[in-house]
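K.L.:
Provided herewith is a single structure, encoded as structure tokens, for subsequent inquiry.
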């Protein structure tokens, strides 16, 4: 686990970032339950707002339009308190989203990191994996993962999830945030 010293002194939001298959939604729901906070997944919020699936938005409007809509949703949600928010894997590609995240007070950004192979394996085990043709293009997946990695690593906390269950991952996040807040409260 890596901790960035610029973690906010007061935290009212935890934002989970990482590639598809990192466990953002699963860990986010557990974390929110443990904190008694609200959990939201930006993909789900976006689909509800525009009344279309992510695949439909991509097909009908293209990726650039999707990323703009996604960025707007994220900026709106960053005003909420007591929230655990799971971002879509590509959200960090948008400069406006990265800026909003890093400039959002009381927000702790957590990168759930694992190898690409582990995340692909997790995705292949999920229901509906056959409907994700992107999983068949390993070269494209690797390229996207490598492009996003520097942005993911700008998070306040980096949690290695390869050997952890979702519950263990949420416990590590809680422990890291608690230790940081305790240390900075006593200072």
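Cβ coordinates are placed from backbone N, Cα and C, and glycine is handled just like the others.
Small disclaimer: the values here were computed from a predicted structure and weren't measured.
Okay, these came from TrEMBL:
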type: BINDING; residues: 21, 22, 23, 24, 25, 26, 132; note: ATP binding site
type: BINDING; residues: 25; note: Mg(2+) binding site
type: BINDING; residues: 43, 67, 89, 148; note: substrate binding site
K.L.:
Have a look at the binding-site residues 43, 67, 89 and say which one has the shortest Cα distance to residue 24 (ATP binding site).
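P.N.:
Out of the listed candidates, the nearest Cα belongs to 89.
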K.L.:
Checking your reading of the structure: which of the binding-site residues 43, 67, 148 lie inside a 10 Å Cα sphere centred on residue 21 (ATP binding site)?
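P.N.:
Matched binding-site residues: none.
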K.L.:
Measuring Cα to Cα, how many Å separate residue 148 (substrate binding site) from residue 23 (ATP binding site)?
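P.N.:
If we compare the Cα positions of residue 148 (substrate binding site) and residue 23 (ATP binding site), the gap is 16 Å.
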K.L.:
Rounding to the nearest whole angstrom, report the longest C-alpha distance spanning 43, 67, 89, 148, listed for substrate.
P.N.:
18
K.L.:
Under DSSP, is residue 25 (ATP binding site) helix, strand or coil?
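P.N.:
In three-state terms, residue 25 (ATP binding site) counts as helix.
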K.L.:
Determine the Cβ neighbour count for residue 26 (ATP binding site): the number of other Cβ atoms within 10 Å of its Cβ.
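P.N.:
Neighbour count, Cβ to Cβ under the 10 Å cut-off: 19.
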K.L.:
Which residue, of the binding-site residues 23, 89, has its CB surrounded by the fewest other CB atoms within 10 A?
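P.N.:
Among the binding-site residues 23, 89, the lowest count of other Cβ atoms within 10 Å belongs to 89.
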K.L.:
Can you tell me the CA-to-CA distance separating residue 23 (ATP binding site) and residue 67 (substrate binding site), as a whole number of Å?
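P.N.:
The Cα atom of residue 23 (ATP binding site) is 21 Å away from the Cα atom of residue 67 (substrate binding site).
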K.L.:
Relative to the mean position of the Cβ atoms of 43, 67, 89, 148, the recorded substrate site, which additional same-chain residues have Cβ within 8 Å?
P.N.:
70, 87, 88, 90, 91, 92, 93
